[in-house]
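Novice: Below, the features straight out of Swiss-Prot:
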type     : residues                               : note
ACT_SITE : CYS140                                 : active site, nucleophile
BINDING  : THR11, ILE12, GLY110, ARG169, GLN302   : NAD(+) binding site
BINDING  : SER139, CYS140, ASN141, HIS195, GLY196 : D-glyceraldehyde 3-phosphate binding site
Amino acid sequence: MIRVGIVGYGTIGKRIADAVVAQDDMKIAGVLKVSPDYEAKVAVSRGFPVYTLPDRVEKFKKAGIEPAGTIEDLIKASDVVVDASPEDVGRENKEKYYQRYDKPVIFQGGEEADVAEVSFNALANYEEARGKRYVRVVSCNTTGITRVLTSLTLNGVGIKKARIFIARRGADPKEHKKGPINDVVPNPATVPSHHGPDVQTILRNVDIVTMAVAVPVTIMHMHMAYIELDSAYPKDQVIEAFAKTPRIFLADVGAGFQSLAQVIEYARDLGRPRGDFPEVAVFRDSVTTHGNELYLMYGVHQESIVVPENIDAIRSIFGTLPKWRSIEKTDKSLKLTTEGKRYG
């Protein structure tokens, strides 16, 4: 059993913790919280050992939470650390704590790529994390783009270039201090946005340019993609590539999927925890080919899309399972869509 320590028990960290619990080859060593808030109390109620920073121990005790130890105690108790801290805090933790211990660490996409030896996406470069000490699971948007492009190339559909336009959610549902509320904000106003270069940390030879705006929604991101293929492919072949690829979901307007809100409602109706939707939701009706040009729209659930990637990254680091066996094991354990998917 791989002992997993999770630093940061917020939007991503708590979901990774639940995903680890669902595995039969991993277990939670503990989670780190810096504030004794309701999330810390939820972690305690889940039976997770809760650790904190040295200067926060007394604050936790006063709040009625007895810490299991400090961050360094958590590192020592873990075989691997998943750092799900806010943006840039992961790098600070690396410099202050992780470098002193011979333990692998998985960072999230909020960190710059050079925090790790390799950027990771299970479909695209699972094997590259093998034996690495520092691995970075790329961001939600980068994960979505990488999955879509890789699903094509894995199924014999070649890509010459990709131009992706992103309508980013303004904030996560719980983020009451973020926006916009009544605006559309270039994010950034310069071209390209950081997503394209981030994709290239995994798909190194892809010609890609991305642009992004932030919009006043909280549920998901929407991507609008123009992809130039290496030749003309039938639309049915492209759709079949998406249909066979794990972690891609084809949403049909005729089945009631007319918006991203309905994708999330579907997740809730399935009984998925928190209404999560880790798959990329490709709108089948949007998939259009014109000669060697491909157009499509797809949704990315920012709160959960990277969760299965973190589980696979753990197995890749330790070499416990080959690529497709790990992806299938993760998908089944998290009850993702597996019907009709090809694992290998």
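In case you wondered, yes, glycine gets a Cβ from its N, Cα and C as well.
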Novice: With CYS140 (active site, nucleophile) as the reference Cα, tell me which of the binding-site residues THR11, ILE12, GLY196, GLN302 is the closest one.
Specialist: GLN302
Novice: What is the Cβ neighbour count of ASN141 (D-glyceraldehyde 3-phosphate binding site) at a 10 Å cut-off, with all protein chains included?
Specialist: 24
Novice: Determine which residues of the same chain, besides SER139, CYS140, ASN141, HIS195, GLY196, have their CB within 8 A of the center of the CB atoms at the recorded D-glyceraldehyde 3-phosphate site, and list them by sequence.
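Specialist: Here the non-site neighbours turn out to be GLY109, VAL138, THR142, THR143, GLY144, ILE145, ILE166, SER193, HIS194, ASP198, VAL199, THR210.
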Novice: Select the closest residue to ILE12 (NAD(+) binding site) from the following binding-site residues, measuring between CA atoms: SER139, ASN141, GLY196.
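Specialist: So, of the listed binding-site residues, the one sitting closest to ILE12 (NAD(+) binding site) is SER139.
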Novice: Listing them in sequence order, which of the binding-site residues THR11, GLY110, GLN302 have their Cα within 10 Å of that of ASN141 (D-glyceraldehyde 3-phosphate binding site)?
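Specialist: Of everything listed, what lies within 10 Å of ASN141 (D-glyceraldehyde 3-phosphate binding site) (Cα to Cα) is GLN302.
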Novice: If the NAD(+) binders are THR11, ILE12, GLY110, ARG169, GLN302 per the record, what's the largest distance between their Cα atoms, in Å?
Specialist: 16
Novice: Determine, to the nearest whole angstrom, how far the Cα atom of SER139 (D-glyceraldehyde 3-phosphate binding site) is from the Cα atom of GLY110 (NAD(+) binding site).
Specialist: 7
Novice: As a test of the contact definition, list every same-chain residue at least 6 positions from GLN302 (NAD(+) binding site) whose Cβ is closer than 8 Å to its Cβ.
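Specialist: In sequence order, the residues whose Cβ lies under 8 Å from that of GLN302 (NAD(+) binding site) (at least 6 apart) are CYS140, ASN141, ARG169, ASP172, MET220, HIS221.
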Novice: Can you give me the same-chain residues 6 or more apart in sequence from GLY196 (D-glyceraldehyde 3-phosphate binding site) with a CB-CB distance under 8 Å?
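Specialist: Non-local contacts for GLY196 (D-glyceraldehyde 3-phosphate binding site): ILE164, ILE208, VAL209, THR210.
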Novice: Counting all other Cβ atoms within 10 Å across every protein chain shown, which of the recorded positions ILE12, CYS140 scores highest?
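Specialist: Of ILE12, CYS140, the one with the most crowded Cβ is ILE12.
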Novice: When you tally the Cβ atoms that lie within 10 Å of each candidate's Cβ, which of the binding-site residues (THR11, SER139) has the highest tally?
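Specialist: Counting every other Cβ within 10 Å of each candidate, the maximum falls on SER139.
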Novice: Does anything in the same chain, at least 6 positions from HIS195 (D-glyceraldehyde 3-phosphate binding site), have a Cβ under 8 Å from its Cβ, and if so what?
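Specialist: Long-range Cβ contacts: SER139, ASN141, THR142, ILE145, ILE164, ILE166, THR210, ALA212.
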